[in-house]
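Novice: Quick one: structure below, then a few questions.
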Amino acid sequence: MEDITHPPMEQLQDLEYCIDSNPSWAETILLAFQNYILMLGTNVMIPSLIVPAMGGDNGDKARVIQTLLFVAGLNTLLQALFGTRLPAVVGGSFAYVVPIAYIVGDSSLQRITDSHERFLHTMRAIQGALIVASSIQIILGYSQVWGLLSRFFSPLGMAPVVGLVGLGLFQRGFPVLGECVEIGLPMLILVIGSSQYLKHVRLFRDLPIFERFPVLICGTIVWIYSVILTASGAYRHKPIKTQLSCRTDRANLITTAPWFKFPYPLQWGPPTFSAGHSFAMMAAVFVSMVESTGAYKAAARLAIATPPPAYVLSRGIGWQGIGVLLNGLFGTTTGATVAVENVGLLGLTRVGSRRVVQISAGFMIFFSTLGKFGAVFASIPIPIFAALYCILFGLVASVGLSFLQFTNMNSMRNLIITGLSLFLGLSIPQFFNEYWNPTRRGLVHSNAGWFNAIMNTIFSSPVTVSLAVAVFLDNTLEVEKSKKDRGMPWWVKFRTFRGDNRNEEFYTLPFNLNRFFPPT
């Protein structure tokens, strides 16, 4: 027992920069650009999946990607300044794919014969649904209801939830990497090698460049390699799926993107509103709230901050609701959520600085208006991002499991809750996903399409299923005599803003705004 040297720790110590400490300006700018490059993967994939189904062409897809990046920059900046103030990138979300597929398949829209007209009308329907659904998140956030619900969360309940924020995205890791293994696998090996085995190599001014910039260094090498493969004709006679995954010129983003385009609200025309569409979209908003809550918990730990108090969590959810509203007004085809891969990057680079994320928001806005330049970076093959996801999603999952250090894992009660919530959190969504595709519309297929979309959206989310199981069991099984085993003595002081002196350091609003919005 005398040899045990790793007692439970409220804050991680193995990071170079915490939430309110900053690297040099040159290092900060490079780190911010690295965050921008990383978030491109998801924010290019979503429009690439949805826009063709809506009837849009390559020009429409390029414009939607620009708009999504622009709004992601705004949402990230607002969240880092006025929301949770954590170093979290807020981008597009796959949680919205099911209700959007329901809207795309609406018979009234499918009857439109002209493809571009169908794209515009579908976009306006999606915008209307997002605008209405955002009100749920705004109300739950600013009314502090979400914060009140978070008081039922314990370290035991949050461990599987945050764990599945990473593990639940396993299908976007190696299965996507394997679509072009000659690009994805070298990227995976290079990132692991440079960030872990070469992390102590310091070539410039005592800076560990391989640990700080693995995405930029390895991404550039593999990207050039993929350009050479494309130019040499290696994929000329390959199947279409392989060409789409491997080639650097198949997305047609560079040729179709305008040189300069400034996104603006209602650029696709006035939104249209439908009760069924709005109800379906509310399910995606709820799922994204749950997933973002887990991501905020992970981001706080990787930024060496205290767990966000209920008041701060509600504030962040409220601002995220405003982000969904902006997504609806601008027309991005999806809502807002925390980018899990960028949360993982905090740990990989050991830099949890808020300033880095704020500047990365500036890159998102800047390159989204300069279409050609942004399209060059957006043409990076997706398997390169998938290789990064294998590492970063796994890192976030391990952060979730680290919450178990505050619980008694010699308790059979705790073992059952943890195991059941992890297993069902993976198993139930997998079952639902096997039945879902854009034509069959999922396991639940009643005559009410909006109801089908709601059920399929909720039960296709590993984090949402895990939260429901973990929180229910944790708050109903031997609650009173298990307070210490659940980790509540450690958690309770972080429930309120003034419960711990460090909260003020990490979460106080800028510009002395706490005078007008006093924390509770």
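Numbering starts at 1 and runs along the chain as displayed.
Every residue, even glycine, has its Cβ placed from backbone N, Cα and C.
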Novice: From 13-32, 33-52, 293-312, which range did TrEMBL mark with transmembrane segment?
Specialist: 33-52
Novice: Three or more CB pairs closer than 8 Å, sequence separation of 6 or more: does that hold for the transmembrane segment (64-82) against the transmembrane segment (356-378)?
Specialist: yes
Novice: Would you say the transmembrane segment (453-473) and the transmembrane segment (213-235) are in contact under the rule of three or more C-beta pairs closer than 8 Å, pairs 6 or more apart in sequence?
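Specialist: Contact absent: fewer than 3 Cβ pairs fall under 8 Å.
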Novice: Verify whether three or more Cβ pairs under 8 angstroms connect the transmembrane segment (33-52) with the transmembrane segment (415-433), leaving out any pair fewer than 6 apart in sequence.
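Specialist: They do not touch: fewer than three Cβ pairs between the two stretches lie under 8 Å.
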